[in-house]
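Asker: Right, I'll just put the structure down here and ask away after.
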Amino acid sequence: MSDSNDDRPFRPFQSQYRWPGVDLLAYKEEGSAPFRSVTRQVLFSGNGLTGELRYFEVGPGGHSTLERHQHAHGVMILKGRGHAMVGRAVSAVAPYDLVTIPGWSWHQFRAPADEALGFLCMVNAERDKPQLPTEADLAMLRADDAVAAFLDGLAG
């Protein structure tokens, strides 16, 4: 059982980006959406908080789901380097970079083949379900050369 709503005032950082009482979870249910090599940890949830703070780690060569939803995210890169897409903007990301994901923006994170990409993600506790892109959405996104290269894993 995850203690992400654990009321202990201190939980020290452990090696490998782990914290005591916090379960290492699958990013999403297999087959629910396309992604590769991603884990999730819910660090803070409940106990009067209206948001959640989660740590995601994208393994080497992996990527999060390309999705959008009504709610916004705030992200801070903690580990490794990679690339992120928000809307039609693609950027290299590195530790301590901040990424703002407005509502209804297509977004995805990708790790390079040789290292993992880890990040904190702050989000509302109550939120809508993500939407996956349709073929028409993908065609619109791929009309931008930088976005097409990113989606093909060629960014950077």
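Glycine too: its Cβ is placed from the backbone N, Cα and C atoms.
Below are the features listed in Swiss-Prot for this protein:
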type	residues	note
DOMAIN	55-122	domain 'Cupin type-2'
BINDING	Glu67, His69, His73, His107	Mn(2+) binding site
ACT_SITE	Cys121	active site
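Can you tell me where each of these features sits in this structure?
Answerer: Counting residue by residue with DSSP, the domain 'Cupin type-2' (55-122) contains 0 helix, 42 strand, 26 coil.
Same-chain residues at least 6 positions away in sequence with a Cβ under 8 Å from that of Cys121 (active site) are, in sequence order, Leu53, Arg54, Tyr55, Phe56, His73, Gly74, Val75.
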Asker: Can you name every residue in this chain, apart from Glu67, His69, His73, His107, with its Cβ inside 8 Å of the center of the Cβ atoms of the recorded Mn(2+) site?
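Answerer: Going along the sequence, the neighbours come out as Arg68, His71, Ile101, Ser105, Trp106, Pro130.
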Asker: For His73 (Mn(2+) binding site), what is the tally of other C-beta atoms lying within 10 angstroms of its C-beta?
Answerer: 20
Asker: Counting other Cβ atoms within 10 Å, pick out the least crowded of the binding-site residues His69, His107.
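Answerer: If we count Cβ atoms within 10 Å for the binding-site residues His69, His107, the smallest count is at His69.
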